[in-house]
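Copied over from TrEMBL:
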{"type": "DOMAIN", "residues": "73-187", "note": "domain 'Plastocyanin-like'"}
{"type": "DOMAIN", "residues": "201-347", "note": "domain 'Plastocyanin-like'"}
{"type": "DOMAIN", "residues": "453-585", "note": "domain 'Plastocyanin-like'"}
Amino acid sequence: SPTFLKLQYPSLYLHHRLIFPTEELTACELETTMELLKQPHHCFLVFLFGLVLLFPAALSWKDAVTHVHQFVIQEASVKRLCKTQHVMTVNGMYPGPTLEIKNGDTLSVKVINKGKYNITIHWHGVRQMRTGWADGPEFVTQCPIRPGGSYTYRFTVRGQEGTLWWHAHSTWLRATVYGALLIQPREGTNFPFAKPNRQSTLLLGEWWNANPVDVVREATRTGAAPNISDAYTINGQPGVSSSPTDTVVVPISSGETNLLRVVNSAMNQPLFFTIANHKFTVVGADASYVKPFTTSVLMLGPGQTTDVLISGDQTPGRYYMAARAYQSAQNAPFDNTTTTAILEYSKSSSAAKPIMPRLPAFNDTPTVTAFSTSFRSREKALVPAQVDENLFFTVGLGLNSCPPNFNKTQQCQGPNGTRFTASMNNVSFSLPSNFSLLQAHKQGIRGVFTTDFPAAPPRVFDYTGNVSRSLFQPATGTKLYRLKYGSRVQVVLQGTSIVTPENHPIHLHGYDFYIIAEGFGNFNPKTDSSKFNLVDPPLRNTAAVPVGGWAVIRFVADNPGVWLMHCHLDVHITWGLAMAFLVEDGVGKLEAIEPPPEDLPICS
């Protein structure tokens, strides 16, 4: 971004300002530029920089396409596990439609709500540069689309290639309202690896023999944990645990190298994924390419995507692809079923019994650590070397005492007559209900939020040790943290052992970030800073904070708006494990959020 150039490479920034002027150069910039241009190599650099930036951009603009879609939110009957449920869907499909575009293309998706619930759609992982009104989280960037209403999400995807996805961002509707977003290489370019023979998408999900909205409403009423799911699914099918007709088949031929795009779209569970007798070459994650590495098992937290190559190098036959839980929270109930699909070689008998793979133990944290620490950016990363904002966020669960006016037996069914909660820096996030945060920010509406989210926890304690019960109950608030445009931000995400330690997939809307380090125990800046990878850290939009540990991320605040950061275990965001950044506009039109669309839903 221009701001990154200004901070890291001032002379290149001035070259950029000459080529892409958003406003007049200041007197100081003009004087400096004239001095630079007296030097022959800087004159040439301006010319070369212009060629490098303008020509490819012109070509991509010329070939960019606008893809127009219509999503009708409607109830449909879906039979799984021998039971029929009436669930919310897009266009009657479960999962919803796969959208496929190229890097640089624009999406225009009109969402028509013919269902009975308010709804929004989030485009998970899309940067939404200056188009925050299209991001989708309910009461954060927009008010919900009411039954009978509609809203068109319009945005351009630039600089991202690989696999993202979309999902509902209202209550627990995303249990059935979700789908893949595939971003192919920009026109005239190729994958940074040999072109695969074919591509397949695998959406890992969760299924309840109940209405998911009723499940979360009952948990909210009782204060207890919600009922666990009845099955996991691959592309909406539970697989062998149900019946052979409910199993997805993925084709492959001997000698082929195929690209699998794996998405964890489950509600509340990190998942292991493997294929019998086959290895994966990981080539991408969260729509960013990575240095290829080989593994026999993947672990994805909810919200994460992983692109892998598999080779048809085994004896032709049928091989199970299987997924089941990675369960890091001790003594917490979880769905321990296994979902399957079948990798089927051409010319193999459909009657042949598939080979079942071995999956890691449910609590196999060493395998998770080995996998997560293998990710590296494919090229040298543009990670900020210095930071302007050094933040420390605790993330974890909590317990609220039973309010005096509640029925303790019916409404306080958490441990020892409490109600479950969750927080970041001891603040349990509460969404507004009359205005969206972005609307309140841009229209100057007072009383909707405050900008005093703490930069560090109010009390220092042994975060992953034996925590005093006096720290179990957080405050509640709608607190945002304000960032200046262009500021270089570091966030330490520190897990806690309050109630129980757990692996938390933390997702930041509107941004990718570099994960520069992770570890176990309490983060120690004196000793752990030496572990920072500032050369080739992975670029992600969702970081799996290790159970009983921490992760450190960095990004440049170059996208103005209000951006939610939250745990992607939906039970945790329901309890308040979230916060939001308010990123101020920069200088000029190109560093400011676009005006809201005319059809932006209003609150009523």
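Note that Cβ sites are derived from N, Cα and C of the backbone, with glycine treated the same way.
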(message) What does the DSSP secondary structure composition of the domain 'Plastocyanin-like' (201-347) look like, as residue counts for helix, strand and coil?
(response) 17 helix, 69 strand, 61 coil
(request) Quick one: average pLDDT across the domain 'Plastocyanin-like' (201-347), no decimals. (result) 96
(message) Is it possible to list how many residues within the domain 'Plastocyanin-like' (453-585) are helical, extended or coil according to DSSP?
(response) 16 helix, 56 strand, 61 coil
(request) Write out how many residues of the domain 'Plastocyanin-like' (73-187) are helix, how many strand and how many coil, based on DSSP. (result) 6 helix, 58 strand, 51 coil
